[in-house]
Every structure is written in structure tokens, then in C-alpha cells.
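Chemist: Attaching a single structure in C-alpha cells format; questions to follow.
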Amino acid sequence: MKRKGIFGLLLAGALTVMSITALGGCSSKETLHIYSWADNFDEQVLKDFEAKYNVDVTYDNYANNEDLLAKIKAGGAGYDLIQPSDYMVSTMIKSQLLEPLDKKNIPNFVNVKKSLTNPAYDPGNKYSIVYMSGVTGIAYNKKYVKEKIDSWDALWNPAYKGKVLLLDDNREVIGMALKKQGHSLSSTNPTEIKSAVDDLKKLLPSVLAFDTDTIKQKMIQEEGWISTVWSGDAAFIFKDNPDIEYVVPKEGAMIFSDNYAIPKGAKNKALAEKFINYMLDPEVSAKNYESIGYSDPNEKAMPFHSKEYQDNHMINLSEDEMKRTEWIKDLGSTLQTYDRYWTELKSGRE
Amino acid sequence: MRKSKLMLAPVLLWLSIFLLIPMLIVVVISFTQRDTLGNVVFSFSLEGYKTFFDSLYLGIYWDTLVLSVLTTVICLLVSYPLAYYIANAPAKMQKWGLILITIPFWINFLIRTYAWVLLLRTQGVVNTILMHLGWIQDPIQMLYTKGAVLLGMVYNFIPFMVLPIYVALEQMDKRLLDAASDLGASRWKAFRYITLPQSKSGIMTGAVLVYVSTTGMFVVTDILGGAKSMMISNIIQSQYLGARNWPFGSALSVIFVITSLILIMLFNRAMQSKADRAKEGRA
């Protein structure tokens, strides 16, 4: 008797699965397959899109650009929309992995701030449109760091020994030291790189940890007093620990972005473009960025944002601060030099 | 005979598809080159292997060996008495002992490791208690040190050592100990000449399991070590991801597998006493 019950349940289950797949096959509902970072969209905004255009949206996550690259290289896995960071956009363009965007389908593109269009990694926005951007600056806790900070030099201050946190990324850290010495973030000059690394070796004894994913928690918990931090993360830390201050140092800093792009061979290219256009609608945009807490690249969206959002200087960096920023460039074979120095720094060996 | 071979076929197929072929791919990639975009170019090159013989990577390899051996030795020192105690406890206690050892296995490895962060950080449980007791004024920096890495490794791999040793001790013929004591051997002598040799197989299995798991670990150094120390597996991971140098990553993997196999063979040799080998020779 019992056995029959289980069998019946299995049969019912199989029938349900079959009928669902059959329905899916018959329905004309289009599906947009998004591959992006975790928690990168407001859920309601996605649901509204589904309802408005009578489509389905699936959303898979990756943890870093290299995972994304590997998957797209291996054949795209059926994704229609991806969100590579700036340098990865240029790598993917060079590897011919992206589909050119048809701007006719994205009239709302005009809403994007001019400073964030026509970037060096994709001249003329042929393949990508910015989704969110931020700047790597210094976050510090006013309880422990009493001085006013405006320079990367502050990290080297012996008073903060053992309390300095750095991002766990060779381009971020070596780039920061290059910038401190007045060079380009993407310098390929061996003497400049060497001198920056020597400078970093002096900083090492002060470093508590290298961390990217949980650097926020380390700052909130006050394990670290001062750190290199993305502006969006600074805003996140500030919410839980109001003693946090954020600054874009005077020597300049790295600007980065995540972008909309369509992988080569995407099945629903037109739908992906429709989605990009929808997301760039001022009202939708305000709703989305209000929820995820990043800076909104949409010029026309500001009036729809809350006062709290508008007044947050970690989210809305000033023009002056933006002028001091620089995009990173693909290093080509010099990446190996950075990587070797990075290994030296982290292992403490030579 | 034929039937038994047929029965093996699925396993062999499984192993060749999911173990042998991937390993062959790694070996092939290790002899290729990288273009400026990080794509693998299929032309023969020894660049990956040459890069390894840089004092930097050799040094990190040495650090990895030292940490792995240290972890194995500490695990053995902690686990042997524990396994001995459990194996000699009454049957009901044995069951509970084993359950307590295996329970942490049910919890995700990352969560177990993050739990140590909550305990050890400056505002963590240990520091808070010590400060409340008035034993220290300022919190001690325990996290993000080499010591924390070692602690994390030992903690995570203790069960790998306890279980094999327990099995060996459990299967031992206890009557031998009675005989030894009847013949006037001290308890130490009985342990040294009967228990220890009998549990050797367990020690060997446990040591290999702990050693191999430690060398392949890269999360503990990141979470508890603050990513300030590097093990060879951290390098392999970064070569496959951030540095996009698959040939070098593959070459490191190949070197790593081969040296580990050699070390394990040498270890097994050393553990087998001369007498054992002589016996095997006669048999």
C-alpha cells in the first residue's frame, strides 16, 4: 500500500514536470537569460519587466569577470545579457565575444551621463553601456583616524600599523601605488612599476589583510581602521557604521564600471536590448539604484531619487573627484609582470 | 572472471571520463603558450615549467611543504590520543565519540572556517572574554596571522586523522596486550611493541589524507590568514583566474601532483620497517 503511494507520487511528479515542459515548449513567451553578479538588480524591477512585456527572466550569477569570460568563451551557455567590468569589456571585444548593440532599440541611451559614455575600453559604446560605476578611494573610521585624509600617503602612516586593509587584487593595489607616485594606473614602464612595488613593500608590515569580498564586514566590525574601498562599498559600510568617512585622494584614483553587453550568438538579442532600454528609463532606474545602493548613471533619474540618496556623497561623487579618476587598461603581456610582483608582495618572498 | 570484469566497466568508464581525461587535458595545456589576451595557444612550449624554477615560486612551494608537514604532525599528535581513547572506551561511548567527531562534517566547510573568524577577531568571543576577565588590556591580534592559518588547517583535518587511526586500533586483537602483560611487559612496552605497530596503517592513511588535503587548500589562507600568505594552490587558482595564465597554472598542477606522489611513496617506504619489507619479500 505504502509502496503504491510512493509510486503514485512519483508518477504525479513526472506528469507535472512533463506538462510544465510541454507548456514551456508551446507558449510563445520569450525568455531573457541574464548572467550577472549576485544581487545586482532590484527584484521588483525585474518582475515589472516580466509583466510589462509578458516575458520570463532567468538570472544566473558569477563571482568574478574571469568566470564570466571562461563561460562565454566556452560557447555562451545560452545567455542573452551579461555584465562584464570595464577591462573585461575590452578583452571580450578583442576576443570577438560580444555582439554590437543596436542603439535604435535603446533610445533611452541618451539618458546616460555624458561622463560615463564613450569610455576608453569601448570607444563609441559600440558593444556596451555602463550599468554602474564607482571609484576606489580611502575609507577610514573617524574614531581611530583623527587627521583629515586627502592622500594615499595616509595608508603608510605608522600610527595605523596592523589596521590597514587592502583590496585583494593586483591591479587595484599596484595601481594605487603607481597613482600615489604620479604615474598611470596601467603603467608598463618597468622602473615605474618597480618603484611602486618597493613602496608597497614598505606598506606591507602595516597591512592587516588583503580582502575583496568581505572587506566591508572588516570595516564595519572595526577590525581595520583605514582601507582601499570601492565607493559603493563605502556607502554600504556607512549604513552600518556611521563613523566611516570616504575620500577620493588628491593624487587620483581608479574608476571602474560594470556594463550591459550581449554575448555573440545570443538568441534573444532584441529582447536584451529592450531590457537595457527599460532599465534606462528614469523612473525604473531610480527604483533600481535606490534598492541596490550604487550610483545611478542615469542623468534624468535624479529627481525620482530620495533625498537621502541624493545627499549621499559616497554614491554621488563630485565633478572634482570624478576628474581625478582613471580607467584601467588591458596590460597585455605586462600583466605577467604585475602578477609576479603581486605574488612577491603577498607571499613575502622574492 | 569475465562477469567480474564487466562489473568493473562502469567504474573504469567513470574514472577515465571524469579523472583521467581532465588530468590529461591539464598535462596538455601545461605544454602550451598564452597569448596576450590570456587565451591558450596550442604550440609546444616549456615556458610554464621554466617559470616554476624562479626562486619566488620555489620559495612558496617550500612554504607549502613546511605548513603541510607541520599540519600533519600536529594533527597526528592531537588525534592519536583521541582515537586511542575512543577505541578503548565502552561500546556506547565509542558510538558517541565517533558522532561528535563527524558532526562538524555535516556543516559546510566555509561556515566552520568563518566561525573561527567570529571567535578570533579583535572584537570576537575570545578577546572579549579575556578583556572582561581583566587578563589583557588591548585585544590580541590573533586573526590574519600564520598561527591562525595553522589552527584552521589542523582544526579542519583532525577527523581525517582520527577516523583511520580509530579503525586500526579498533580492529587490533586486544588479547595480544593481555599476553604481553602476562609475560611481564610494562604498559609502555606493550604500547610501543604491540599497539603502535598495529595502528601504523591507520597513521599512514591519516597522514596522507591530511597532507594531501592541506597542500590543496587555498580558502583557509584567505579567510584566516588575511590572504597574506600564499600556498601553491593559491598561485594555481590565481593563474587560472586573475592572471589568466593557464599553461603556468597547469604546469604547477602537474609538478604538484608528481612531487606529492613521490613524497607519499617515500613516506610509505619509511613507515614500513625493514622487518615488514623482509616479510613481504619472503611471501
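Any Cβ shown, glycine's included, is placed from N, Cα and C.
So TrEMBL says this about it:
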TRANSMEM  B:12-32  transmembrane segment
TRANSMEM  B:60-84  transmembrane segment
DOMAIN    B:61-267  domain 'ABC transmembrane type-1'
TRANSMEM  B:96-117  transmembrane segment
TRANSMEM  B:148-169  transmembrane segment
TRANSMEM  B:202-226  transmembrane segment
TRANSMEM  B:246-267  transmembrane segment
Chemist: Give the one range among B:12-32, B:60-84, B:148-169, B:202-226, B:246-267 whose Cβ atoms make the most pairs under 8 Å with those of the transmembrane segment (B:96-117).
Modeler: B:148-169
Chemist: What residues elsewhere in the chain lie close to the transmembrane segment (B:148-169), defined as a C-beta under 8 angstroms and at least 6 residues from its ends?
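Modeler: For the transmembrane segment (B:148-169), the far contacts come to 67, 70-71, 74-76, 78-80, 82-84, 86-88, 98, 101-102, 104-105, 109, 112-113, 116, 120, 142, 195, 198-203, 205-207, 209-210, 213-214, 217, 220-221, 223-225, 229.
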Chemist: If we skip the immediate neighbours and take only residues 6+ beyond the ends of the transmembrane segment (B:246-267), which ones have a Cβ under 8 Å from one of its Cβ atoms?
Modeler: 23, 26-27, 29-34, 38, 40, 45, 47-49, 51-52, 57, 204, 207-208, 211-212, 215, 232-233, 235-237, 239-240
